[in-house]
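Visitor: Take a look at this one; I'll ask things after.
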Amino acid sequence: MSLLSEIYKTLGFTYRNFMITKRNFFTIFETLFWPVLGLISVGLMSIYLDLEERYFAFILVGAITLSILQVSQLDVAYVLLFDIWSKSLKYTLVSPISGWNMILGSWLFGIARGLIAFFILFLSSKAIFNVSLLISFPELILFLFGVFLSAKIIGIITCSLLLIFGYRAEIFAWTLSAIFMLICGIYYPVSLLPEAIRVISYSIPLTHFLEYYRSFFGFETSFPDPLATGYFLSFAEISLLFLFYLWALDRARKRGTITQFSE
Amino acid sequence: MIYKSLRSEKVALKGVNLKIPKGKIYGLLGPNGAGKTTLISIMATLLKQTRGKVEVLGFDSIKEAREIRKRINIASGNPNLIWSLTVYENLRYYAMLYGIRDRSVVERLIDTFELREFRDVEFNRLSTGNKQKLILARAFVNDPELVFLDEPTKGLDPPVAKRLREKILEMQKDLGISIVLTTHYMSEAEMMCERVAFINRGEIVAEGTKKELKGLLKMRDKITIETDSEIPHQISLPDGVYMMERDGKSLSFYVDDAEKRLWEIASEVAKFGRIKNIAVKEVDLEDIFNELAK
């Protein structure tokens, strides 16, 4: 098993997602139209409510994070969805690839799409609302990478559910990120949430990454080091969820789900 | 011995025991739902057997599945690949999944399978024949030692099917690979396979070369006699007749030796009606299949 060969297998999924996105108007829409529309509507609402600039930034951070999370996690889910829709899953899974090749390759393209969405929204918030969300470059990168890890978490959950529940689970590709954002404090601090839900919020890395970014605009964080907490939780959860994904894949091979998806 | 139970079906495979020879085309024949695709899917590591052991190219299908996947490939008669990718992009994507960096492999396959003029055409815009060619080209992208072809000519026009069969034979000969082929077309199996196994209701009911199978069933020839009137059911069959089929005024007798039995059979039939035509032919796979599928 040469490293170069493994890299190439991983990039196979990046290449496929790129080629499909390039040709698919719908996926371009996902990257540009909905995120910008969301930002403008939330921005206008903030102007109407006459929010202070730091609260305005708080809201916009939520809107932007939701968009990049949604765009990036979709690419991870697409690694199975494109094959399921085309009924070609067996041709992908008969090749000597690992679960990591699939998740990592599609996630890389998700990062690229997420970065494009971020820069468009970042520039739009400055141009349209004159709100700068700029923080120092390394801190911005650390925040973004954290959000991309959260996208990977959601993507792995969606892929696992697809293998377990079949076509019915594709709805999760469009709903899970919104549910995550709701729990993680999209437009409000998580301290507002009922205590039982707050416990769940703290177990989700995205909560800490959002608090980390918002801390640069003067907001308090729930934990002393939200970045370290977020990264620790991300790596722990990705490891566990990846095992869950491998179990779901193995279960699909036992139950004949892969061949059913290809008929 | 392989066993497979699926939730949607009762029992897909019941104690299948097969040895597939290297470097040959091996046919898996059987009626719909017999378990052919299930067996191929298990050998291709897409499905795990409930019980039993499967070795493919010397590797265990469960413990060493990845080693098997490096060395095998599969193509089925349902031509499904990523719709919005072109011929080139589809092949390049699958080549990448095998860690193949050399793009000339893709270009060579495009030429070999006569897809050059469709190189940049999206999969969903290809004709069924060209889609099937691409599916087959994909199956050779990793230079496999063993290819599973699951009804590769299903639903194709006869000339396209013929061309594809020739291409498969050519590739098998040139590369010296092993092919496991399932098909509903007995003529296809007869033309391509050196050995065949008949599966029915999840069990192998017979296995061997065409000659061996004929020996197994003891019927070598088929005598068809057409008469001017329907022959009554009480016709007595002489020794050496293993089966008789009726189709209106036509009777078919499956016999051990047509030369020995023809006179006796014709005399018996002539008692009930005037013989218009007699045809004698060697029993083919279709006849054997029909008998085994009963």
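Cβ atoms here come from the backbone N, Cα and C positions, even for glycine.
A quick note: this is a predicted structure, and the numbers were derived from the prediction, not measured.
Relevant sequence annotations retrieved from TrEMBL are reproduced here:
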DOMAIN    A:14-215  domain 'ABC-2 type transporter transmembrane'
TRANSMEM  A:25-49  transmembrane segment
TRANSMEM  A:55-81  transmembrane segment
TRANSMEM  A:102-129  transmembrane segment
TRANSMEM  A:141-164  transmembrane segment
TRANSMEM  A:171-190  transmembrane segment
TRANSMEM  A:228-248  transmembrane segment
Visitor: As a test: from A:25-49, A:141-164, A:171-190, A:228-248, pick the stretch that has the greatest number of Cβ pairs under 8 Å with the transmembrane segment (A:55-81).
Guide: A:141-164
Visitor: With Cβ-Cβ distances below 8 Å as the criterion, list the same-chain residues six or more beyond the ends of the transmembrane segment (A:171-190) that contact it, or say none.
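Guide: Those are 42, 58-59, 62-63, 65-66, 69-70, 73-74, 77-78, 81, 150-151, 154, 157-158, 161-162, 197-198, 200-202, 204, 206-207, 210-211, 219, 222, in sequence order.
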Visitor: Residues of the same chain, at least six outside the transmembrane segment (A:25-49), with any C-beta under 8 angstroms of its C-beta?
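Guide: Answer is 55-56, 59-60, 62-64, 66-68, 70-71, 74, 113, 116-117, 120-121, 124-125, 128-129, 131, 187.
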Visitor: Using Cβ atoms and a strict cutoff of less than 8 Å, what residues sit near the transmembrane segment (A:228-248) while being 6 or more residues removed from its termini?
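Guide: Non-local partners: 99-100, 103, 146, 149-150, 152-153, 156-157, 159-161, 163-164, 203-209, 212.
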